[in-house]
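Per TrEMBL, the feature active site, nucleophile maps to 384. Look at TrEMBL and you will find 261, 262, 263, 264, 265, 266, 267, 285, 312, 331 tagged as S-adenosyl-L-methionine binding site. TrEMBL lists 171-447 with the feature domain 'SAM-dependent MTase RsmB/NOP-type'.
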Ligand SMILES: C[S@@+](CC[C@H](N)C(=O)[O-])C[C@H]1O[C@@H](n2cnc3c(N)ncnc32)[C@H](O)[C@@H]1O
């Protein structure tokens, strides 16, 4: 059946609301199996991600101009208003009249009784766009950031606490922008320079990453899976911050490595690369079905030293007790608050209680991993979150209970990357400071 980009965006946004489905999976399905062609495909992606990113601000504006608050609107009416307003306020290339007309036409099918109301709210928002009011930035900074930069207010309150007013706003601004698209050269098969040249031959402009020696930022929008260089295993997709986990764990050829939360395998395969495909990596994950993804990527990249095993890292690792590891990576399950540019729906689903529950899981996994690390061995704990409760606090609690572990100060080990490290020697990247996803890693050494 044929569709339009706005109708397809509405259907996807509705499923995200109703079923908590992921935007990237739904979009991928629509773009692969649907009928949209040419620029309509780009518009669909823009509408879905744009509305999810700006949802907080859009709702703030709706509350100001509609006779009913968002919380009282029917879901379909609410989504149509978000879609229409997003085009009005953020898509310069769509004329106002077209944005209003297309939304009202869609409403005639999806919410016929409300089409007049939607028309009125959109027209008023357009007339009053210069007069949109926001909470006072000085007296109500968390509410201001939440409304102006579309984040949940509990999250902006945490950012303010951690970063102060000015930086919290810089972070909030960065978090509503699209994330860069970064890939990793498979150094078992090519070098970063050769990969860049190869990409250029495929019409793709790319720039070397600043901090990861294996990273390349792709500047030309592209479906990477269709490129011959990707299919030939010359590269894989991975944000620069994630690439730095393997760099900072720094495994050596011949070593025995455990990656305890490994799926879909971005870091396991990078570790294998850094080891020259020599040694062994045991890649575990609680999601047994996801282990296949690690195996598929390893196969595409020509990696042979990874074996996979389903493991729940929160349970005592009795199966692994006999096997001591030289290095362990704990890339723990987390809130993902560092990657909300990529998965903007996630920020609307999380709560402070979720973070506390995740921190409990993170602690349990870390303690279990510590038991099976060789004396003198190295452990890297990482999360794609910058929130203190999942990062410093987990590590400080761990250190207070595990006397035989010490922090290895990353500032001393990687002085050229100094600006990425905290004054405890941990790695913490920020989108607004470093252009990368928000990520945290602490490197620990077992003394005895
Ligand atoms: C941040 S992701 C790991 C990403 C992976 N390291 C990579 O670079 O591709 C966290 C992983 O932890 C896994 N996980 C969640 N709870 C777990 C548990 N109790 N034990 C082991 N793995 C778990 C999830 O299935 C998820 O794949």
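Numbering starts at 1 and runs along the chain as displayed.
For all residues, glycine too, the Cβ spot is worked out from N, Cα and C.
The structure displayed is predicted, hence computed values, not measured ones.
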In three-state terms from DSSP, label residue 267 (S-adenosyl-L-methionine binding site) for me.
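Helix, per DSSP.
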Averaged over the whole of the domain 'SAM-dependent MTase RsmB/NOP-type' (171-447), what is the pLDDT?
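Summing pLDDT over the domain 'SAM-dependent MTase RsmB/NOP-type' (171-447) and dividing by its length gives 97.
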Cα-Cα separation of residue 312 (S-adenosyl-L-methionine binding site) and residue 384 (active site, nucleophile), in Å?
20
Record lists 261, 262, 263, 264, 265, 266, 267, 285, 312, 331 as binding S-adenosyl-L-methionine; longest Cα-Cα distance in Å?
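Site span for S-adenosyl-L-methionine, by Cα atoms: 19 Å.
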Hey, what's the Cβ neighbour count for residue 267 (S-adenosyl-L-methionine binding site) at 10 Å?
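Excluding its own Cβ, the number within 10 Å is 25.
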Take the C-alpha atoms of residue 263 (S-adenosyl-L-methionine binding site) and residue 384 (active site, nucleophile) and report the distance between them in angstrom, rounded.
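Each residue's Cα considered, residue 263 (S-adenosyl-L-methionine binding site) and residue 384 (active site, nucleophile) end up 14 Å apart.
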Near residue 261 (S-adenosyl-L-methionine binding site), which residues of its chain come within a Cβ-Cβ distance under 8 Å, counting only those 6 or more away in sequence?
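Looking at Cβ-Cβ distances below 8 Å from residue 261 (S-adenosyl-L-methionine binding site), excluding near sequence neighbours, one finds 284, 285, 286, 313, 330, 331, 332, 333, 365.
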